[in-house]
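Trainee: One structure, pasted below without further comment.
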Amino acid sequence: MELTFLGTSAGVPTRTRNMTSIILNLQQPTRAEMWLFDCGEGTQHQFLHTPYHPGKLNKIFITHLHGDHLFGLPGLLCSRSMQGNSLPLTLYGPKGLKEFVETALRLSGSWTDYPLTIIEVGPGLVFDEEGYRVTAYPLSHPVECYGYRIAQHDKPGTLDAAQLIADGVPPGPLFHQLKRGQRVELADGRVIDGSRYLGPSTPGKTLAIFGDTAPCPQALEMARGADVMVHETTLEQAMAEKANSRGHSSSQQTAALAKEAGVGTLIATHFSSRYDAEGCLRMLAECREIFPNTLLAEDFMVYKMA
């Protein structure tokens, strides 16, 4: 899994930071799969500075309906049609997302020439398919807001082909079924259990991408044990009370969550426009006082989950 940050500012853009949006490239072995998390104003323009194209998106997840996470969506959807893209697209987000998209398209006389599905989510499982389990967690914000936990399925262990051949199983298409741990029947009537020929499985990676939130119990549940946590860090620690009153988190509150949840890496993002580069580095230092393995997200930063 690989993250590309298209926008890392909160509320309004700055000269160096666009509105919130993140590409998740799943790098599937058999086909391309690309997801987008939030779509603030200017997101489609940010795409132009990356190797990616909106027409290749399969899914878009919206955390909440505040404009800095959403107002780039209608334009991106329309441009996708104008550029002749036909790949189906599914949108996920809180109640009201369907009305927002349909109203924006209707009032502007716009449409999509590709299949567009809009699914309004609630707390709990969003889907479990094609190697990934996505769960939505309710957060603490003035409007309905979710974070998304993306858990990669465990990868099957290596198939012991040499032992299969030694046991009289001929190489060929059956090996693909056995690799998946399935049972197959041979021409001589023997039934072979693939799971007996597999080495230890490799645990899948887990990614927690938060929407806007003040500290809350659900945040801990969502982040627990994640390999990577992407979390807003809107204000510095001295302004924690102000941040919380508006449904946001401070630098050290975010770091404390990462520490308590036992995450591998914290990527801090969604910085107030009041902070220049020096101010953001100051917040990074505050985070690292509590959770040393913290990274500061910047527009177009790429992070690959090893």
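Even glycines carry a Cβ here, placed using N, Cα and C.
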Trainee: D68, H69, H270 bind Zn(2+) 2 in Swiss-Prot, but which of D113, D212, D227 does that record place at the same site?
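Mentor: Site partner of D68, H69, H270 for Zn(2+) 2, according to Swiss-Prot: D212.
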Trainee: Taking only the recorded positions H64, H66, D68, H141, which one has a CA atom nearest to the CA atom of H270 (Zn(2+) 2 binding site)?
Mentor: D68
Trainee: Out of these binding-site residues, H64, H66, H69, H270, which one has the fewest other C-beta atoms within 10 Å of its own C-beta?
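Mentor: H66, out of the binding-site residues H64, H66, H69, H270, has the fewest neighbouring Cβ atoms within 10 Å.
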Trainee: Taking the mean position of the Cβ atoms of D68, H69, D212, H270 as the Zn(2+) 2 site, which residues outside that list, in the same chain, have a Cβ no more than 8 Å away, listed in sequence order?
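Mentor: Here the nearby residues are A10, G11, M19, T20, D38, G40, T63, H64, H66, G211, E232.
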Trainee: Return the count of C-beta atoms lying within 10 angstroms of the C-beta of D68 (active site, proton acceptor), excluding that atom itself.
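Mentor: 22, counting other Cβ atoms within 10 Å of D68 (active site, proton acceptor).
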